[in-house]
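K.L.:
I grabbed these lines from Swiss-Prot:
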- 1-33: transit peptide (TRANSIT)
- Lys62: N6-acetyllysine (MOD_RES)
- Arg118: symmetric dimethylarginine (MOD_RES)
- Cys326, Cys332, Cys347: [4Fe-4S] cluster binding site (BINDING)
Amino acid sequence: MAALRALCGFRGVAAQVLRPGAGVRLPIQPSRGVRQWQPDVEWAQQFGGAVMYPSKETAHWKPPPWNDVDPPKDTIVKNITLNFGPQHPAAHGVLRLVMELSGEMVRKCDPHIGLLHRGTEKLIEYKTYLQALPYFDRLDYVSMMCNEQAYSLAVEKLLNIRPPPRAQWIRVLFGEITRLLNHIMAVTTHALDLGAMTPFFWLFEEREKMFEFYERVSGARMHAAYIRPGGVHQDLPLGLMDDIYQFSKNFSLRLDELEELLTNNRIWRNRTIDIGVVTAEEALNYGFSGVMLRGSGIQWDLRKTQPYDVYDQVEFDVPVGSRGDCYDRYLCRVEEMRQSLRIIAQCLNKMPPGEIKVDDAKVSPPKRAEMKTSMESLIHHFKLYTEGYQVPPGATYTAIEAPKGEFGVYLVSDGSSRPYRCKIKAPGFAHLAGLDKMSKGHMLADVVAIIGTQDIVFGEVDR
């Protein structure tokens with residue numbers, strides 16, 4: 001009303017206002033001492049345009065449904081789709097998970113692999129048997145010599161040769177050093193993913209010492225190419241066995257410190273107990289091996305059930321879990337490190353003298369001293385490293401107990417110097433296939449704990 005008065009140019013004027021389109025007068029309280037204002041016809045006509053009187057043209061016109069609003073529909077609630085990785089620091093490489101979350105609860109976990117695929121199995125078909133060996137270092141690049149050991153045993157089975165005893169003891173010695181390397185990486189990075197940073201720094205100092213043993217024996221810290229078909233590349237340098245003994249004597253103290261930090265830690269137990277539970281039946285159905293199988297209560301270790309090299313001559317125990325959760329698998333790995341120290345001590349005590357390569361000039365390259373005096377040795381050396389040696393036709397599946405599980409090599413020979421087919425069985429591939437089952441129903445943060453306990457390396461998964 002005040003706006004209407006201001007529009008007419010009057011302030012405080014008592015009047016009766018004619019509502020547009022109707023003959024109803026609205027009384028207005030008159031002010032004292034002011035004459036009453038009456039709106040004229042011209043003023044009232046300016047509001048007449050808003051009223052539409054029915055006519056022939058407008059008889060069939062219907063007003064638009066201004067108030068005919070659709071009723072509200074129920075909102076469709078969908079689960080969140082989350083991409084975990086491949087650049088996530090807890091993905092342990094190039095893992096990509098497409099997860100379906102209900103709040104923070106995992107409903108589905110779909111691993112997408114292949115981001116580190118390099119065509120290793122096909123590349124091996126174009127190399128000689130010796131040239132194919134370095135590819136195995138780059139599969140599981142945390143446990144290098146164990147991969148070499150599996151491939152060398154497969155080639156030796158096709159060639160029907162057996163390396164000398166000293167070479168076999170050296171293989172077992174460095175196989176257990178490699179197991180320590182792998183389990184240090186597995187346990188400490190698992191703890192690092194869950195927020196415990198100290199074990200990572202403590203045990204990586206010990207890991208550095210083992211890399212020095214690698215370097216002294218082969219010249220390389222990681223990709224050693226030391227274990228070869230027919231034996232090992234070269235003998236142990238002087239003083240190395242003494243240094244390994246000193247290391248193994250002190251390493252058990254580092255393991256005690258690790259267990260003081262983690263084993264009875266309330267936070268660590270809450271994050272790992274009853275997380276990622278796998279029953280014994282499920283572990284067998286998924287094809288699990290190694291710690292993933294033993295953590296569920298199945299005592300299966302190829303070093304015991306199908307011993308290779310000289311594992312039948314050493315004494316060690318196989319730790320087994322009971323619940324099949326992340327905590328049991330952690331305890332299994334720590335105890336396996338202690339058993340590896342037992343095996344290392346026996347290797348140092350029982351190391352025999354003798355040759356480190358099979359005495360067959362068609363398979364093993366000659367010594368440098370012989371090459372300088374014998375023309376035949378020089379020819380053998382040249383032929384071995386250019387054309388390679390012919391392997392009799394046949395096929396073999398050879399498996400070893402790698403730190404992550406059963407690492408198998410299916411090797412097919414057609415009688416030439418190059419493999420016809422080399423199929424690699426990686427333990428991490430089967431473990432990753434069970435990630436959906438293990439993580440379903442857990443929180444998003446528990447998926448990190450489950451990935452850590454699986455100990456996955458994508459060099460061997462993607463190949």
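We number each residue from 1, going along the chain as drawn.
Placement of Cβ uses the backbone N, Cα and C atoms for every residue, glycine included.
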K.L.:
What Cα-Cα separation, expressed in whole Å, is found between Cys326 ([4Fe-4S] cluster binding site) and Arg118 (symmetric dimethylarginine)?
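P.N.:
That separation, Cα to Cα, works out to 31 Å.
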K.L.:
Inside 10 Å of the Cβ of Cys332 ([4Fe-4S] cluster binding site), count up the other Cβ atoms and send me the figure.
P.N.:
21
K.L.:
Which one of these recorded positions, Arg118, Cys326, Cys347, has the sparsest Cβ neighbourhood, judged by other Cβ atoms within 10 angstroms?
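P.N.:
Arg118, out of the recorded positions Arg118, Cys326, Cys347, has the fewest neighbouring Cβ atoms within 10 Å.
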K.L.:
Rounded to a whole angstrom, what is the C-alpha distance between Cys347 ([4Fe-4S] cluster binding site) and Arg118 (symmetric dimethylarginine)?
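P.N.:
Approximately 36 Å lies between the Cα of Cys347 ([4Fe-4S] cluster binding site) and that of Arg118 (symmetric dimethylarginine).
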K.L.:
Give me the CA-CA distance between the residue listed as 'symmetric dimethylarginine' and Cys332 ([4Fe-4S] cluster binding site), in Å, as a whole number.
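P.N.:
If we compare the Cα positions of the residue listed as 'symmetric dimethylarginine' and Cys332 ([4Fe-4S] cluster binding site), the gap is 32 Å.
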K.L.:
If you run the three-state DSSP split on the residue listed as 'symmetric dimethylarginine', which class comes out?
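P.N.:
Coil, per DSSP.
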